[in-house]
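K.L.:
The structure that follows is given in the form of structure tokens.
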Amino acid sequence: MSHQPLSCLTEKGDSPSESTGNGPPHLAHPNLDTFTPEELLQQMKELLTENHQLKEAMKLNNQAMKGRFEELSAWTEKQKEERQFFETQSKEAKERLMALSHENEKLKEELGKLKGKSERSSEDPTDDSRLPRAEAEQEKDQLRTQVTRLQAEKADLLGIVSELQLKLNSSGSSEDSFVEIRMAEGEAEGSVKEIKHSPGPTRTVSIGTSRSAEGAKNYLEHEELTVSQLLLCLREGNQKVERLEIALKEAKERVSDFEKKASNRSEIETQTEGSTEKENEEEKGPETVGSEVEALNLQVTSLFKELQEAHTKLSEAELMKKRLQEKCQALERKNSATPSELNEKQELVYTNKKLELQVESMLSEIKMEQAKTEDEKSKLAMLQLTHNKLLQEHNHALKTIEELTRKESEKVDRAVLKELSEKLELAEKALASKQLQMDEMKQTIAKQEEDLETMTVLRAQMEVYCSDFHAERAAREKIHEEKEQLALQLAVLLKENDAFEDGGRQSLMEMQSRHGARTSDPDQQAYLVQRGTEDRDWQQQRNIPIHSCPKCGEVLPDIDTLQIHVMDCII
């Protein structure tokens with residue numbers, strides 16, 4: 001057992017029991033005794049600044065993540081709204097195209113009927129004048145109604161086609177066609193003069209990028225121009241329809257006048273009496289009636305031409321309808337054949353969810369930091385309140401001192417001065433006692449720190465002693481095992497020695513018995529007797545017990561009890 005002094009721990013820097021409390025075991029704590037207070041303050045300030053910088057970096061990162069998340073959410077909402085808008089537009093376009101197809105079929109049938117009637121009227125105009133009055137009036141009424149209906153349907157068709165073109169332009173399809181509709185000033189019914197299709201480049205909708213402000217402004221200006229042009233066209237068409245209605249009214253009035261004149265003529269023909277003046281008027285009457293009928297025929301032919309123009313415009317509208325149907329089919333194909341876009345959207349939704357979770361975690365961390373900052377703010381507010389109170393008390397004390405000085409200067413009552421002096425003495429005594437208590441506390445703290453240091457040293461030394469004890473115990477166990485082995489070997493050797501001695505004695509006895517007469521000298525007998533006594537003493541020494549204490553000589557039965565006794569005896 002090796003007794004090491006307390007100074008051995010300071011000399012041995014690599015004790016096996018030393019280990020750091022925090023951090024990895026290969027990093028040791030810095031020795032605070034080597035640093036000065038100023039260096040410690042500087043390190044604390046540096047740590048505080050680094051902490052502040054890290055907080056600011058976390059805040060900036062949180063703000064950036066929020067901005068990205070808001071941008072992604074806005075982009076996804078825009079994508080959803082645009083998709084819904086495109087779907088609704090495609091449905092409306094399909095419905096309107098179906099309605100337009102039905103209306104076109106009806107108009108074709110009506111135009112065929114009108115063509116047949118106009119051809120009949122152009123082939124035999126003399127027969128039309130001979131028709132009965134009732135049939136002529138019915139045909140005129142039918143023509144008027146058909147003309148008004150055709151005009152209204154033309155205006156509706158033009159408006160629907162323009163709306164469809166505008167909606168297709170605004171839907172952002174793959175073939176972004178720009179349609180310009182201009183109305184001719186000299187036409188009677190506001191027919192479409194030019195429909196220009198300018199094929200634009202295909203758009204590639206890039207993820208994460210929004211439309212620029214200039215493009216939006218140009219698009220809005222173009223929409224406003226097209227709407228204003230359509231409104232002007234509709235106004236002109238309405239005005240022309242009103243003019244045609246007025247012209248039809250005038251023609252109707254003329255027809256009624258001619259009917260009256262014809263009735264008067266029939267009455268004049270039935271009468272037997274007539275004058276030459278009346279005959280001249282009668283001759284002039286049919287001529288005027290024929291001229292007016294020719295004018296009506298011209299109006300009918302002009303209306304037929306207008307109907308032909310409407311037919312051509314309807315054919316153009318059918319072509320536009322086919323193009324629109326093709327575009328709708330292309331849009332449907334795009335909407336149906338976009339699995340990759342759906343996968344991308346799913347990935348975006350997954351990333352959005354991840355970002356939402358990250359933002360929620362960051363928000364929770366921010367809330368924790370805000371709660372900590374609020375606690376610190378409350379503590380600071382409490383400290384400020386206490387500081388303000390202390391300042392107020394200090395100011396009050398200063399004021400009282402000033403008042404006392406004034407009273408002393410003015411030689412106020414000595415009793416008050418005595419009381420104040422006594423109070424001051426008591427306060428000084430209290431301060432001195434408190435200072436003494438503080439000094440005592442500092443001394444006790446220093447002693448406790450020293451005791452703690454000594455305790456740590458003692459603990460380390462105890463661990464060293466324990467390790468030495470265990471090492472010595474293991475060595476003793478090994479020595480005990482070796483002793484047992486040696487004892488066994490001794491026993492074997494002693495047995496062999498006894499056997500050899502017995503054999504020697506027997507051989508001696510035999511020799512003595514053989515040579516008894518020769519060796520009768522007394523000296524030789526005495527030598528043999530002495531040798532026998534020495535052999536007995538050596539056997540007695542050999543029979544000494546092995547388990548005995550080396551210090552006090554106490555004999556013990558076992559090696560374990562011997563070790564315990566040796567530890568107690570030595571310590």
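Cβ atoms here come from the backbone N, Cα and C positions, even for glycine.
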K.L.:
Do you know which of 164-169, 176-181, 416-421 Swiss-Prot annotates as motif 'LIR'?
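P.N.:
That would be 176-181, per the motif 'LIR' entry in Swiss-Prot.
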K.L.:
So of C549, C552, C569, which of the binding-site residues has the fewest other Cβ atoms within 10 Å around its own Cβ?
P.N.:
C552
K.L.:
Counting only residues 6+ apart in the same chain, whose Cβ is under 8 Å from the Cβ of H565 (Zn(2+) binding site)?
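P.N.:
Listed in sequence order, they are C549, E554, L556.
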K.L.:
Under a three-state reduction of DSSP output, how is H565 (Zn(2+) binding site) classified: helix, strand, or coil?
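P.N.:
In three-state terms, H565 (Zn(2+) binding site) counts as helix.
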K.L.:
Kindly state the mean pLDDT of the motif 'LIR' (176-181) in the predicted structure.
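P.N.:
PLDDT averaged over the stretch: 37.
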K.L.:
What kind of secondary structure is C549 (Zn(2+) binding site) part of, going by DSSP in three states?
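P.N.:
For C549 (Zn(2+) binding site) - judged by DSSP and reduced to three states - the answer is coil.
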